[in-house]
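Everything below concerns the one structure shown next.
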There are 2 protein chains.
Amino acid sequence: MPRIAEVRLPAQPNSPQQQERVNRILRAAARQGAAHGLERVQMQEIAKESGVAIATLYRYFPSKMHLFTGVMRMQIGRIGAEVSQPADGTDPVDAVTDLMLAATKRMLDSPKLAHAMMTSNNAAFHATEAGAHETHLAFKGLILRAARIAEPTPRDEQLVRLIEQSWFGALNSALNGRTTREESEDDIRLSCRLLLPAWSER
Amino acid sequence: MPRIAEVRLPAQPNSPQQQERVNRILRAAARQGAAHGLERVQMQEIAKESGVAIATLYRYFPSKMHLFTGVMRMQIGRIGAEVSQPADGTDPVDAVTDLMLAATKRMLDSPKLAHAMMTSNNAAFHATEAGAHETHLAFKGLILRAARIAEPTPRDEQLVRLIEQSWFGALNSALNGRTTREESEDDIRLSCRLLLPAWSER
């Protein structure tokens, strides 16, 4: 486990140059995390690969937890770009299933990185820190977009939670080798089909 | 995180005296884990509280991972004893919901212990070690018993997985403070209701 509590607030990028630097850091962290996993990844190596000073890296990401929560946010953005807005008339259950399977593929293709992101994001929630809430909102936004729900009711919000929770459970099983990749994909398909029929009838 | 890999195989209790010693260790671990959490709990203190030599403790439980996976197995046994076999005619959805809520209560009443058990059990699965599989089988057995399913089909097995996974996700959200206790209980109720209707129609 990385250290959880950090008092320093992370800096926010304010210019396009700073944003580009942060993006370089996140890409380097994703590569190094995929190769080495959370425990073995070195902040020093990530600074080196992204061509920034170690102090700069720590200014934006005071800990591995902040860094890999940031990587998770970047990955959610990529999934959002990759899974296009479904066409009119698409069954919301199918659209959400496609989204969840795309997210699953991205996670299971890099299991060490997936573990690093999930552990960090969990720790960040626990510490009410490091933008975990933004990550959550971004993922929720993708699910609602796939389902074409612009104004979610409290019940819709709860269904989003159920889908996220069962996805998290299925992914955790696959990452621990408790289920095969095919089983976890099947489990996600069936969860969507059983949990979301209310969205087909809206 | 505790150390994950251990080469030594844990000893198995062979006599009633040895079993009683193991039970004393597990009860002490549950108390200390609830008070201090996985990171801070001391094997030495657990040996002391249960009145066994530290070498004896390590012989049965070579690591914290083995120990808290054992505590989880004990807790599942307690839940099984606490939740009685449902009467004839009980709706399986209601019976499984009651079981999952009893398990949730036990976990959320001692959040530090719940975190220790879930982390250890996950790590044990990852390492294909420490009886994680037995824990899984025991929990699955309770779910099937509640649903009064003696000979599960492959689809029943998959529904057990979906319930376990969504429960794990809901519990993880509650332990991280992402959802309130009431929300997580509501989420578990709704998951059972949406995932398991096939069992009411058997």
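Glycine residues also receive a Cβ, built from the backbone N, Cα and C atoms like all the rest.
Taken from TrEMBL, the feature domain 'HTH tetR-type' applies to B:19-79. Annotation source TrEMBL lists DNA-binding region at B:42-61.
Within the domain 'HTH tetR-type' (B:19-79), the DSSP-based counts of helix, strand and coil residues read 53 helix, 0 strand, 8 coil.
With a cut-off of 8 Å between Cβ atoms, the residues of this chain six or more beyond the DNA-binding region (B:42-61) that come close are 10-11, 13, 21-22, 24-25, 27-29, 31-32, 36, 67, 70.
Within the model, the DNA-binding region (B:42-61) carries an average pLDDT of 95.
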